[in-house]
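Participant: The structure's right below; bear with me while I get my questions together.
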Amino acid sequence: MKKSHAKPFALRAIVVATAAALSLPAAAVTDVTWEDIANDHKTTGDVLTYGLGLKAQRHSPLKAINTDNVANLVPAWSFSFGGEKQRGQEAQVLVHDGVIYATASYSRIFAIDARSGKRLWEYNARLPDDIRPCCDVVNRGAAIYGDKVFFGTLDAAMVALDRKTGKVVWRKKFGDHKVGYTMTGAPFVIKDQKSGRTLLVHGSSGDEFGVVGWLFARDPDTGEEVWARPMVEGHMGRLNGKDSTPTGDPKAPSWPDDPNSPTGKVEAWSQGGGAPWQTASFDVENNMVVIGAGNPAPWNTWKRTAPGDDPRNWDSLFTSGQAYVDASTGELKGFYQHTPNDAWDFSGNNSVVLFEYKDPKTGKMVNASAHADRNGFFFVTDRDMLAKGAGYPNKPTSLIGAWPFVDGITWASGFDLKTGKPIEKDNRPPQPKEGADKGESIFVSPPFLGGTNWHPMSYSPDTGLFYIPANHWAMDYWTENVTYKAGSAYLGQGFRIKNLFDDHVGILRAIDPSPARSLGAQGRVPAVAGTLTTAGGWVFTGTSDGYLKAFDAKNGKELWKFQTGSGVVSVPVTWEMDGEQYVAIQSGYGGAVPLWGGDMAELTKQVTQGGSMWVFKLPKASR
């Protein structure tokens with residue numbers, strides 16, 4: 001995923017589980033149905049999904065706030081998450097029946113009156129002091145269905161709460177937090193198109209501690225596991241509580257053998273990573289859960305390469321790519337790998353946005369996926385081919401195109417559209433020489449923090465453009481010796497993040513998809529907040545030095561900004577209530593950059609911590 005060889009951020013406080021303050025009146029809350037969720041992309045009174053729809057396009061049809069009046073936005077209210085529990089606030093909120101559901105750092109969730117900003121209830125998870133989040137004590141959001149709201153906790157549990165009261169309905173552990181399992185991403189609700197069963201889908205986190213990543217589907221009423229899919233080739237999945245099928249080839253040929261190992265494979269295979277720690281999208285037509293798979297463990301590519309061999313001969317499947325999983329069985333139907341045998345921690349977790357792509361050669365529309373990867377390339381893949389097994393041996397590639405969206409990429413010059421493989425430059429970090437503790441340092445761009453990180457992009461069907469919060473930066477990078485030890489960081493790489501250019505780091509990029517073109521929106525500090533588009537013609541995002549900003553979606557002109565008092569590393573939403581359009585975003589600096597960002601951490605050290613949510617609307621005179 002995204003941090004250094006330093007010790008993980010340690011928690012020392014025990015947080016008491018509470019459901020506090022006022023509960024919601026029964027008449028005020030209606031159950032959320034599957035039809036509500038399936039229509040989230042076109043309804044305007046609620047925000048029911050992470051991504052504003054099953055396709056994760058993050059586009060709203062609302063247009064009361066437009067390019068002519070967005071400069072008049074004013075705060076409607078703000079809400080403090082309170083206490084000393086600040087750190088990074090990375091969540092996207094949900095909105096239903098006039099109530100906002102907002103998760104916050106340290107595994108907390110709040111129900112807030114959307115009209116007044118009044119707290120209705122609060123739930124604080126009881127966290128042990130031996131949890132191991134790699135990249136801050138963050139939470140990125142919740143899911144909502146029926147009369148419940150769901151979110152994950154840093155001690156590797158999924159929790160269901162009564163939406164009216166905040167009381168726990170069920171809680172399920174899915175991994176051992178002491179060895180590194182945790183959860184930071186928002187869960188997602190889908191409906192199996194074959195059985196008609198509604199499922200709660202979520203992944204695990206923990207690649208940096210050498211744990212195998214898993215994708216889970218649960219019964220939202222009981223929390224019971226329906227299926228579970230490991231993301232490392234050859235590991236066994238589960239269905240209805242029993243072993244089902246291995247992921248890919250049971251012999252795991254993309255990972256080297258080791259005759260001296262009890263498993264017959266190299267150590268890394270047993271600890272192989274691939275955690276799907278971000279939130280899924282859902283391909284209804286093909287009945288597939290679509291999600292990014294994380295980096296292999298350890299980062300050290302030589303630990304996943306046969307002795308004396310070329311790392312490019314090994315893929316470390318099924319890591320650092322986009323996975324297509326059968327909603328009925330949990331079988332891996334297809335896979336596209338962005339970075340084979342990933343040596344740079346580029347991972348593959350960034351959002352996978354589903355859209356319809358017009359083939360410029362034939363004019364035909366293709367059911368496609370779009371993904372802006374940390375490796376600096378923007379990918380378009382064919383979903384229908386992935387539903388038929390693309391990515392497996394002897395199957396054609398699903399890759400339609402791959403375009404760079406940042407400058408100065410050092411690891412590859414492009415992609416072969418026939419094979420789907422990168423055209424690598426000779427830029428993998430060398431092994432330590434005999435007797436040395438570390439290898440020779442190399443210059444890498446983008447760094448492991450990525451050309452863009454997890455912060456989700458948006459897609460506007462009005463402009464046909466994707467809007468990516470991108471960064472121009474680099475790192476010095478060297479290999480270190482590493483052996484697995486339970487509960488310890490399992491990297492085998494050292495690094496120092498640094499500037500690529502003197503005049504900027506963050507940049508808002510638009511891609512159509514074709515060669516990326518800049519919208520002209522650059523910043524001195526990293527761009528580490530998600531984007532939102534609307535039919536009003538603007539793009540909304542935040543900056544790590546505390547601003548919320550609106551840009552013209554056609555030309556990138558800055559139209560409005562507001563200083564929140566702390567860095568913005570979250571994801572904006574918009575909805576309509578009482579005839580008015582609202583915009584909301586969280587403020588509170590944290591995440592990977594201040595912890596592991598090297599020179600970039602120095603660049604933002606003046607940014608104060610915070611923990612708040614801001615809600616905006618137009619004054620009456622401007623409507």
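Cβ coordinates come from backbone N, Cα and C, glycine included.
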Participant: If I go by Swiss-Prot, which of Asn295, Asn300, Asn394 binds Ca(2+) 2 at the same site as Glu208, Asp345?
Facilitator: Asn295
Participant: Once Asp40, Thr43, Asp46 are set aside, which residues in the chain still have Cβ within 8 Å of the Cβ centroid of the Ca(2+) 1 site?
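Facilitator: Not counting the recorded site residues, we get Asp36, Ile37, Asn39, His41, Lys42, Thr44, Gly45, Val47, Leu48, Thr49, Trp575.
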Participant: Near the Cβ of Cys134 (disulfide bond), how many other Cβ atoms are there if near means within 10 Å?
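Facilitator: Excluding its own Cβ, the number within 10 Å is 24.
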Participant: In angstrom units, rounded to an integer, how far apart are the Cα atoms of Glu208 (Ca(2+) 2 binding site) and Thr43 (Ca(2+) 1 binding site)?
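Facilitator: Here the two Cα atoms lie 39 Å apart.
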Participant: Let me know how many other Cβ atoms fall within 10 Å of the Cβ of Thr184 (pyrroloquinoline quinone binding site).
Facilitator: 30
Participant: Reported as an integer number of Å, what is the Cα distance between Gly203 (pyrroloquinoline quinone binding site) and Asp46 (Ca(2+) 1 binding site)?
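Facilitator: Here the two Cα atoms lie 25 Å apart.
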Participant: Looking at the binding-site residues Thr184, Ser204, Asn295, Arg374, Ala592, whose Cα is closest in space to that of Asp40 (Ca(2+) 1 binding site)?
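Facilitator: Result for Asp40 (Ca(2+) 1 binding site): the nearest of the binding-site residues is Thr184.
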Participant: Quick check: of the recorded positions listed here (Thr43, Asp46, Glu90, Cys135, Arg140), which one has the Cα closest to that of Asn295 (Ca(2+) 2 binding site)?
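Facilitator: Comparing Cα positions, the candidate nearest Asn295 (Ca(2+) 2 binding site) turns out to be Cys135.
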